[in-house]
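**Student:** According to TrEMBL, the protein has these features:
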REGION    1-23  region 'Disordered'
TRANSMEM  39-59  transmembrane segment
TRANSMEM  71-92  transmembrane segment
TRANSMEM  112-130  transmembrane segment
TRANSMEM  191-212  transmembrane segment
TRANSMEM  224-243  transmembrane segment
TRANSMEM  263-285  transmembrane segment
TRANSMEM  318-339  transmembrane segment
TRANSMEM  360-382  transmembrane segment
TRANSMEM  388-406  transmembrane segment
TRANSMEM  418-439  transmembrane segment
TRANSMEM  445-464  transmembrane segment
Amino acid sequence: MSEGSWKPCSPGGGHSERAASHPDAGTDGNIGIALKKQIGLFSACGIIIGNIIGSGVFVSPKGVLQNAGSVGLSIIVWVCTGFFTAVGALCYAELGVTIPKSGGDYSYVKDIFGGLAGFLRLWIAVLVIYPTSQAVVALTFSTYVLQPLFPTCLPATDCLAPPGSRLPWVNCHSVRWAMCVQDVFTAGKLLALGLIIIMGFVQICKGHYYWLEPSHALENFREYEVGLLALSFLQGSFAYGGWNFLNYVTEELVDPCRNLPRAIFISIPVVTFVYVFVNMAYITALSPQELLASNAVAVTFGAKLLGVMSWIMPMAVALSTFGGVNGSLFTSSRLFFAGAREGHLPHLLAMIHTRRCTPIPALLFTLISTLLMLCTSDIYTLINYVGFVNYLFYGVTVAGLIVLRVQQPSMHRPIKISLVWPVLYLLFWTFLMVFSLYSGPLVCGVGLVIMMTGVPVYFLGVYWENKPRCFIITMSKAAS
């Protein structure tokens, strides 16, 4: 890049009243550089749907069935978790237009509960959540794009560069290009899932609906345990992960007061419909035992029904994961950008390109952290540890909506939902958190310990403003 192509966005500059009224205004009143509003309703839906639907529904939807114990109860769990996901997204919609900043729950938690709480949310996201999840999805892409070429052996995923090494260039070049990729691959994965649903209906028309009959679907219904049912709901809730990602890019959303809730009202029901009917389609061709034994359910399903065209399913998984990496890269880079703008990460990450208006340093940081995660052998273990903490902050954020209502009742709210919804979501969230701690106290405890390592970092790096010169020099030498 040529000299002068970069300009920093000063802390708080991107969300001042002047910045909101003028896309190129800074906090000092001078014309500066800001993220442009280029994401319309269609792309907003693509971000939500594309981030929720990754490889899970294709590869391993068996977690819900395994813990629910019956086909009928597992379908009920998919419907209920879709409903509570919609309730949580509705709460985030109010927060998103009341606190119109990019950064999502990090920005809301920081503004409502203070800098330390916000930093801990950012810390766990930067340290583990997004690098590990993107690395896993990238590895899944590599595995399934090679599977048709090596049908009789396990592909070596290191012989194909993960999509994370290509997509950053697209995201750095143009928001429109990134959204074009997101829209195309989201449409592609919906078409693939639509094919599965259609094949399921064909199976039903042929009379293959044994496990969907009430007497068989609710087999073992009376034998379930509350703890296992909670784990089933937890698995279902994780499958809907990504529903809050649109809030990370609020500042780039065209007319967020209208398009944010509209995208939620469109996307969450679509995802719920897809999840429910895809799982019903699977059970028309596979018995519950076959489904639980398969490590790639869609591939097994395709092999049984598509014959020589069964290669479609591995390619569908690859396309889905490619779009998932793109969406995660786009949104997580905005989270890191927002954290740097608030002074919680190095200011370099708050810089954006003057012509392209993309946060290139934040995007490159996301790429590097993901590639570093690919070098470790404990990616899945780390995800298990911090998954509880990630879900913990969903509840903290929704609770913040109630706190904000009490502390600032006269605050302007373009969207104001009934308090019944956040209370309902928090009851469901408490149910999941309690049984998560009960069933896996060690895993949850390690996740909390990883999060709490951010406390000394916050006080040394952020809260302590008047640092001695010797401390600054020492830290600079250590960094270099």
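Any Cβ shown, glycine's included, is placed from N, Cα and C.
TrEMBL labels come from automatic prediction, so no person has curated them.
Quick caveat, the model's predicted, so the values are computed rather than measured.
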**Student:** Within this structure, do the transmembrane segment (191-212) and the transmembrane segment (263-285) have 3 or more Cβ pairs under 8 angstroms, counting pairs 6 or more apart in sequence?
**Tutor:** yes
**Student:** Quick one: do the transmembrane segment (388-406) and the transmembrane segment (318-339) have at least 3 Cβ pairs under 8 Å, skipping pairs fewer than 6 apart in sequence?
**Tutor:** no
**Student:** Test the contact criterion for the transmembrane segment (71-92) and the transmembrane segment (224-243): 3 or more CB pairs under 8 Å, pairs 6 or more apart in sequence, then answer yes or no.
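**Tutor:** Yes, these stretches are in contact.
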**Student:** Given the cut-off of 8 Å on Cβ pairs that are 6 or more apart in sequence, determine whether the transmembrane segment (39-59) and the transmembrane segment (224-243) share at least 3 such pairs.
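**Tutor:** When sequence-distant Cβ pairs are counted, the transmembrane segment (224-243) touches the transmembrane segment (39-59), since at least 3 lie under 8 Å.
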**Student:** Given a Cβ distance threshold of under 8 angstroms, which distant residues of the chain, six or more beyond its ends, lie next to the transmembrane segment (318-339)?
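**Tutor:** Long-range Cβ neighbours of the transmembrane segment (318-339): 9, 14, 35, 46-47, 50-51, 53-55, 58, 101-104, 106-107, 122, 125-126, 130, 133-134, 137-138, 140-141, 144-145, 162-164, 167-168, 170-171, 178, 181-182, 184-186, 188-189, 192, 242, 245-246, 248-249, 252, 345, 349-350, 352, 359, 362-363, 365-367.
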**Student:** In the same chain, who gets a Cβ under 8 Å from the transmembrane segment (191-212) while lying at least 6 residues past its ends?
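**Tutor:** Sequence-distant neighbours of the transmembrane segment (191-212): 53, 57-58, 71, 274, 277-278, 280-285, 287-288, 298, 301, 305, 312-313, 316, 319-320.
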